[in-house]
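Worksheet: one structure, shown below.
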Amino acid sequence: MGGVGEPGPREGPAQPGAPLPTFCWEQIRAHDQPGDKWLVIERRVYDISRWAQRHPGGSRLIGHHGAEDATDAFRAFHQDLNFVRKFLQPLLIGELAPEEPSQDGPLNAQLVEDFRALHQAAEDMKLFDASPTFFAFLLGHILAMEVLAWLLIYLLGPGWVPSALAAFILAISQAQSWCLQHDLGHASIFKKSWWNHVAQKFVMGQLKGFSAHWWNFRHFQHHAKPNIFHKDPDVTVAPVFLLGESSVEYGKKKRRYLPYNQQHLYFFLIGPPLLTLVNFEVENLAYMLVCMQWADLLWAASFYARFFLSYLPFYGVPGVLLFFVAVRVLESHWFVWITQMNHIPKEIGHEKHRDWVSSQLAATCNVEPSLFTNWFSGHLNFQIEHHLFPRMPRHNYSRVAPLVKSLCAKHGLSYEVKPFLTALVDIVRSLKKSGDIWLDAYLHQ
């Protein structure tokens, strides 16, 4: 093994049949810079520096695991591991030295081992196999609501009451479409990735007017590094809102771009109403243009063409624009409350390089299940199970939950489950707490 701090081989991948060079973690830690990234998977060391831009999930996603053991993330995100390993082989430059632990940083080796055994048990129980009937029903009820909304206006006219009912129904349809495209993005429905990708483009593009690539770019980072600043886009929201550790940091630096001690109040004005209508619409369009996602742009255009051609004859241009805004605002409320109730009240801060299980549990909690909550949240009330097993079809979360709860009990880890309304209120409480922490640091530190 080379001396500590030596950069290791850079001339190319390990030669087939030749003994693999060995590395210690101190050497690997030196390779977590832009343009110089190593990572470890199954104790093998890979140089992804030049290949990261070709990574299907994006260079940021794989780069977030620089100089880390990415074994559990690798297994969590990919369907066909043997197929993906073919792409890793040319990047192989060595392996961990025998005396090195499998993971750098805070590590509970027994927890990692037990989780991998649990993952295998879930596979043996066929919990990664989707129910075609379940997902066909989901798509069917989305399409039925789209038709029902149009029929209301067609049969009853564009009065205030039919329009309000139609907007409400379309908002539900849009919310459920978020859930279905989310399932497809995680490749949890079809056995072949290609079919998941194609179906996601249809649901995200034709039914919602957004880019599947854009969603996956954001969402996979969130799953890889939940609640980690500058790695999880969902919590990198300063200077509009301050969350977790950013509250103290902004306070100490005397930054006051907004009255953060009142952020739990202005959240109701610019959070739930405007996220989808303003932030997502602008960010999504910019992503498609900058990243030249022309196919996604065409899919999104097909949604707008269908929507406006369907309702323009009833409302005219000003009316159909107002109707569209109403649907987006209603949908946005659903999206914010449902997606944030499991994360915002949890630990939010900078990278701590934890193992997969510990990092996911620190950032997530569950909400008590019921038929309504399961449907309304797209089963995101089982957020712990979803984050540990992102490819698992959501109808199987309840089956794996007792096993996850037992794992947490064995290792003294928190398995938090809240009532639905408590989870919603905790979002506001968390924002107020962060604002108060900012104010105290601003005035006294």
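Any Cβ shown, glycine's included, is placed from N, Cα and C.
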(message) Between 52-56, 182-186, 377-381, I'd like to know which one Swiss-Prot lists as motif 'Histidine box-1'.
(response) 182-186
(request) Would you please say which range out of 264-284, 411-431 has the annotation transmembrane segment in Swiss-Prot? (result) 264-284
(message) Would Swiss-Prot have Leu155 and Trp299 facing the same side of the membrane, if we go by the names of the topological domains it assigns?
(response) yes
(request) Check each of the ranges 129-133, 219-223, 229-233 against Swiss-Prot and return the one annotated as motif 'Histidine box-2'. (result) 219-223
(message) Please list the DSSP helix, strand and coil residue counts for the motif 'Histidine box-2' (219-223).
(response) 5 helix, 0 strand, 0 coil
(message) Please list the DSSP helix, strand and coil residue counts for the topological domain 'Lumenal' (155-159).
(response) 2 helix, 0 strand, 3 coil
(request) Please work out the helix, strand and coil residue numbers for the motif 'Histidine box-1' (182-186) from the DSSP assignment. (result) 4 helix, 0 strand, 1 coil
(request) Could you break down the residues of the domain 'Cytochrome b5 heme-binding' (20-97) into DSSP helix, strand and coil, giving a count for each? (result) 31 helix, 20 strand, 27 coil
(message) How about long-range neighbours of the motif 'Histidine box-2' (219-223): same chain, 6 or more residues beyond its ends, C-beta under 8 Å?
(response) 57-58, 60-61, 64, 76-77, 182, 185, 231-234, 387, 390
(request) Kindly report the helix/strand/coil residue split of the topological domain 'Lumenal' (285-306) according to DSSP, in that order. (result) 19 helix, 0 strand, 3 coil
